[in-house]
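Engineer: Take a look at the following structure, please.
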């Protein structure tokens, strides 16, 4: 949720570059404190808590530093992650067909590289954690974050910098207040709505947005009445068409965004119930015990492979068939991601049924190999390529210039809310199914529960969500920017290095 704070500062005051730099510094500080707290205050002596050897009582200072470092890490990561995606997109000139195409590929490879990093963390770091080497794992993370910040700062002289467009909250509020004040006014015709003269909009650094037919009641905010003609121009009473359209864009994106939250519930199962399920399966490969969390490697590999297939095969083929150089639109890809995510839950449910059939008597484990989980991880990975890359492109492309980082932050906010909704669903399901003496669907001992039914429930919710999403996507109309050669005001670069948008 911290991504919304970073996006606000980026769009309003600091700009993308400064926001990325500041929040990456906070991220490094958080990881540094986390490494320090785990080194100084980790459970001591080693091996205590076994019922025989007592542990040293926790230190209030150690607990305070631990929580401070944890929230600093979340704040730093959340603040810079969506902003750096938008900053990367800023480096491409949308007026150039070649660079516009490269911008679409950028989001694909951006997510690809994120998963390359995840491949390392889900193998090496999981091994460190599983063997109790927490401090070493945090130190490796700290070193990688320091390197990332250093590489980011190395490109300072060659970046394209876009000026922030000011606080969007008052702008959006002005539209609703102005429309409410004119609730009894009939909206004017498109050609009579208020807009400033010239190629530049009233919002500094933002292109003009052409009128759209959705949410017509908001057009009242741009309708000129007698008081607007004779009195001073008050933005709380009269707004430009671009300002009204900015508010409309937010409203139009919200239904699409809400539909992505259920998909994030599917995604969140990899770090929760998939691991719980893997922990009670046969995870031995000879003498080596495979950590259940390491199965997410199949998800990451699926993302890496599917990204290559999508960019090199699917886009060219779909482009020839549809006439769209992108191959599939962002909304189509997100819909496909929902369908594949639903299939992943069906596969997880089928695996759980097979696991329950192979439970070892008088044991909490099953003889079924953990590699039976591979299909569900692979399906989640392939769905990510369509859903999350599509989300990054869609929200960045459809957000007006003044709230670009906010658009990118919606993707991370969706993942966050997906985790909350997943926890809420588990609590609701257990509250309903564990009444009386019944163990419920997801008890501590999974062998007496029915986690398969929970997976099928999520699959059903995803199917319903897809139906709602289908109608929302069909209703959605893309943002329509005014075609001109207005140059975005850039800072710190020579004129010959400036891009035109």
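Placed from the backbone N, Cα and C atoms, the Cβ positions cover glycine too.
Where the annotation comes from TrEMBL, it is an automatic prediction and has not been curated.
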Engineer: Check each of the ranges 227-247, 290-310, 353-373 against TrEMBL and return the one annotated as transmembrane segment.
Structural biologist: 290-310
Engineer: Quick check: do the transmembrane segment (410-434) and the transmembrane segment (454-472) share at least 3 Cβ pairs under 8 Å, counting only pairs 6+ apart in sequence?
Structural biologist: yes
Engineer: Between the transmembrane segment (106-128) and the transmembrane segment (331-350), are there at least three Cβ pairs closer than 8 Å, leaving out pairs fewer than 6 positions apart?
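Structural biologist: Contact between the transmembrane segment (331-350) and the transmembrane segment (106-128): absent, because fewer than 3 Cβ pairs are under 8 Å.
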Engineer: Residues of the same chain, at least six outside the transmembrane segment (13-34), with any C-beta under 8 angstroms of its C-beta?
Structural biologist: 6, 65-66, 68-80, 83-84, 86-87, 90, 138, 141-142, 145-146, 148-149, 152-153, 156, 159, 161-164, 167, 405, 491
